[in-house]
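Engineer: Got a structure here, written out as structure tokens. Questions coming.
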């Protein structure tokens with residue numbers, strides 16, 4: 001994400017989206033597990049419930065037993081659609097805003113960490129506003145019982161019928177707060193990358209270094225923001241018909257955090273974090289690695305297209 005890239009914002013968006021979709025496909029079972037663990041309270045009374053997972057391993061075993069392998073990929077299509085749209089928007093706006101800011105600075109002046117974070121937050125907010133409906137649909141598909149689960153369009157229609165169009169933007173406020181997550185990730189990635197390149201006296205990152213730096217940056221961001229990640233998912237979740245009678249709807253992220261704390265204590269805020277961190281680390285590292293390679297191919301592709309256009313004009 002460093003300045004001086006030969007790629008346009010559109011090129012960065014294509015590379016970033018491709019990397020994110022590849023990463024999600026590889027880690028989707030972990031995404032299912034952390035989402036389901038986030039919406040189901042774990043107490044002594046329901047510890048034997050097959051829908052309550054005691055660990056990542058326990059979750060995999062129970063899902064395979066009750067739903068088979070497809071259960072680990074419930075909602076994958078909407079997840080990929082959401083990831084594609086969100087990451088395209090994020091990478092486009094991040095690169096567009098950052099490039100514009102850098103071009104207005106005197107030559108040789110490095111961008112500050114604070115500004116790096118602000119740019120990331122602004123790009124993340126813009127991406128969230130336009131793409132959150134797909135995230136709401138994905139959460140519903142991931143958490144509904146097998147017999148109540150519907151396809152992407154039917155799920156979206158059900159949300160609109162029951163809650164109006166605003167139902168598709170449930171969890172927007174915590175989502176906007178969570179823009180600090182990618183801001184921290186990319187801000188830390190840029191700073192750690194600079195340190196690593198200096199330490200190893202290199203001009204370019206190797207795939208291994210990209211993996212390690214991306215993983216470390218994502219771990220830091222995930223630990224800091226996880227309680228709000230859990231709260232956002234619970235706001236977007238719809239209880240099954242079995243649980244709907246006893247569940248009192250949440251009024252906001254603070255209400256989620258208060259009620260979870262009262263019932264489960266502080267550890268309730270971090271339910272499913274092991275799966276989240278595993279998924280976040282692997283997917284973020286894969287994203288950076290694949291994006292890095294796609295950027296190189298995209299530069300070559302754009303150059304070939306430009307040359308072809310030039311030859312036609314001649």
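Residue positions begin at 1 at the first shown residue.
Each residue, glycine too, has its Cβ placed from N, Cα and C.
Keep in mind the model is a prediction, meaning the values are calculated, not measured.
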Engineer: In TrEMBL, which of 164-185, 186-207, 208-229 is labelled transmembrane segment?
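Structural biologist: Checking TrEMBL against the ranges 164-185, 186-207, 208-229, the transmembrane segment one is 208-229.
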Engineer: If TrEMBL is the reference, give me the range from 72-94, 141-163 marked as transmembrane segment.
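Structural biologist: TrEMBL lists transmembrane segment for residues 72-94.
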Engineer: Looking at 42-65, 114-137, which one is transmembrane segment according to TrEMBL?
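Structural biologist: Transmembrane segment, as annotated by TrEMBL, spans 114-137.
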